[in-house]
Amino acid sequence: MSPHEVIGTVPKNSTTFRTQADEHDDHEEALQNLRTGKYEDWPNEAAFDGLTEERGPIKIAVTGNIPTWAAGSLYRTGPGLYKIDTDAGTTFEMSHWFDGLAHTHRFDIIPNEEGSVDIFYSSRRQAEEMMDVIKKQGTWPYYSFGQKADPCLGFFAKAMAAFKGLREPSGEKWHNNVNVAVHVNPPGLEAVRNIVGTRKPAVAENDANVLGHRPELPKSIWVSTDNSTMKQIDPQTLEPIGWATQDVLHPELTGAMSCAHAQRDPDTGDFFNFNLEFGPKPTYRVFRVDASSGKTEILATIREPSVSPAYIHSLFLSPSFVILCIPTSHFGLSGTQIPWERNLVDAIKPYDPSRKTQWIVIDRKHSKGVVARFETDGRFFFHTVNSFEEKAGSDSSDINLYCDVIDFGSHEFIHSLYLDVILNRDSAAKKFYEDEQRARNSLAHLTRYHFIINPDSPTTNLPVTPTPDPKNHEAFRIPAPHAGEIPTINPLYATRKHRYVYSLPFRGRGTITDAIVKTDTVTREALFWDNPKGHTPGEAIFIPRPGGEEEDDGVLLSLVLDGEKGKSYLLCLDAKTMAEMGRAEVDFAIALGFHGAHVPSGRTLTRVEGPEY
C-alpha cells in the first residue's frame, strides 16, 4: 500500500511516529536536507504569485468526513500580494514574506441535510489604499517589517523620516498593512467612541443567497500586527471598516510598537498586551482590558536602562501573571533606528551571544506590578505556546511557573523568510543555508522554561534572580523537526497544564514549514501527518469535540498548498491520530498566511477538568 493510497475519495496519508531517541538523528537529517538542497524539489511558488481575491462566497468540494460539530467560520489572515504594477510601467516587488499586503479569508462550515457539511470560501484584500499608493509612487511609502529601502532614498529623506517618527498621520491609517493575527470580539473596541476612522459596513446579499443557513457571525473581527494599530473587518464581507490605535484604550498607550499576539483570559475574556514607546527612555507598558467593563488598566510600566526595546511578537499569560519575555532582537538607538532604516529587520542589532533573554513577571490579579525577573541564555522567538502554574510544594507558598515557547538560537531565522530564500531565487536558499551555524539557528525548538515565583516578593526594585547556569531554567528543549513554528494547543487548556502541542516543523524538504506534528510534552513522542511532496501546511487550528474529556479529542483544520497542482485545500485531521478525516478543495492557490480563529456555530466552548500529567 502506498503512503497516499486513495480510499474512496479521501487520500489515506500515513503517519510517522518518532520518539525522544530519534530527536538527534531527525534534527541532523533536517540539517543534511538543507545542506544538500532537498528543498529544490518542493514547489511553493503558487502561494506567492498571481493570487486573487474571491469575494464569493463560493461552494467548494468536500471529500471524506469533516464532523458537523466543527461548524462555524474559520477566519484566516496573512500576506497575499507581493507584486504591484505601477503607473510608471514598472513592477514593485515585496522583499520579505511578512510584508505581503494583507489578505483575509473565511471558510464557512455548515451542516447539511445529509448529515455532513458544506463549505463555502470567500476572501478579500485588506490593504487596497496602500496598494494604490504604491501603484502611484512606485515605492513602499511607510515603515515595513523587512522591505529593503529604496537605494535612491538619500540622507535627507532618511533624516526626515526619523524626525517624523513611526506613527502615520491619522488620515493615512488605512494605508497600514495589518496582516498577522485574528481577534474575535476584543473588549474595549466595541464601543463606537473607541473606533477611529470607521466606515460603513457593506451589505453582502450574496451571502444569504448562496449559504442558505448563514453561520453565526461574531460581533466584531479585528486583525493585528506588531505595531499598535488594529484594523477592523466586517465579519460577513471581510471589508476593512475601521481601525484603532492602543491609545483609544488608555491615553498613556502612545507607543508605536506592540505584539501581534495579545493574550485573552480563557475564563473572563480579559485582553492583555504591551505597548512599547521609543525615545531616550524606551518604555514598556503592560496592560489589561477588562472584558466586562471595557476599561483598561496599566499593570506595569518598565522604563529602565537595563531593559532594551526589542522586537517581540507574542507574550505569555498564566493564571496569576503576565510574562514579558525580551529576546535578543534588540532595536538599535533605543528604537529610533527603525525610522532611519524604515524597516524592523535592519533596525535590529546584530546577534550577540553574550546578550541574555530577560523575563519580567507581572502580577495580573492584585496590582503588585513586577514581582520577579529572570535571565536565561540569549535566544529569539516568535511564538509563545502556553504558560501554567503549579504549587512548589504543600509546605511552600512558592509557585512553579512554566512557559512553553518555540525559540531559536538567534534571530538570523528572520532572514530565512525573505522571498529570495523562500523561492530560492538565484540560489539564495543555498547561499543562506551553506553556513551550518546559521542553518542550525534557523531550526526551531520547543522549550519549556521553569521559574519559581515567591508571591510575597516586594513589588519594586527587584534584583534579577542569580542564575549561574541559565540552563537550570529549562525543563526540556525538543528540537526540530519534532516541534516547529506556528504552535497551537487545545484552546480549552490555555493557562492550564497541557500535554500536546501541534506545530509546523521544518524538515529541510521545503524552504518553509513542510509538515504538521503533534508533540507529546510528557513522553517527548512526535506524531507526524505525512503530507505528500510539495504540500505545504498552514497553522493547525484545534477544534475541541463537544463533551470530549481528553486533551487531544478534536480535529485540526489547516489550509494546505498543493504546490504540484498550484491549488489549495482545507485539511481536517483527527487531532488524536493525525490521520486525515476529510478536505475541502479549492480550484486555485491561496496565499500561505499566518494565523486564524475558528468561531463555532451554535455552541460555546466549555473548559473541563483535564487529566493530571
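Residue numbers in this text run from 1 along the chain shown.
In case you wondered, yes, glycine gets a Cβ from its N, Cα and C as well.
In this structure, HIS261 (Fe(2+) binding site) is part of a beta strand by DSSP. Residues within less than 8 Å, Cβ to Cβ, of HIS261 (Fe(2+) binding site) and separated from it by at least 6 positions along the same chain comprise VAL180, ALA181, SER224, HIS313, SER314, LEU315, HIS383, THR384, HIS595. Swiss-Prot lists HIS261, HIS313, HIS383, HIS595 with the feature Fe(2+) binding site, giving similarity to another entry as the kind of evidence.
The region 'Disordered' feature in Swiss-Prot is assigned to 1-25.
Residue with the densest Cβ environment among the binding-site residues HIS383, HIS595: HIS595, by other Cβ atoms within 10 Å.
Residue density at HIS313 (Fe(2+) binding site): 18 other Cβ atoms are found within 10 A of its Cβ, drawing on all protein chains shown.
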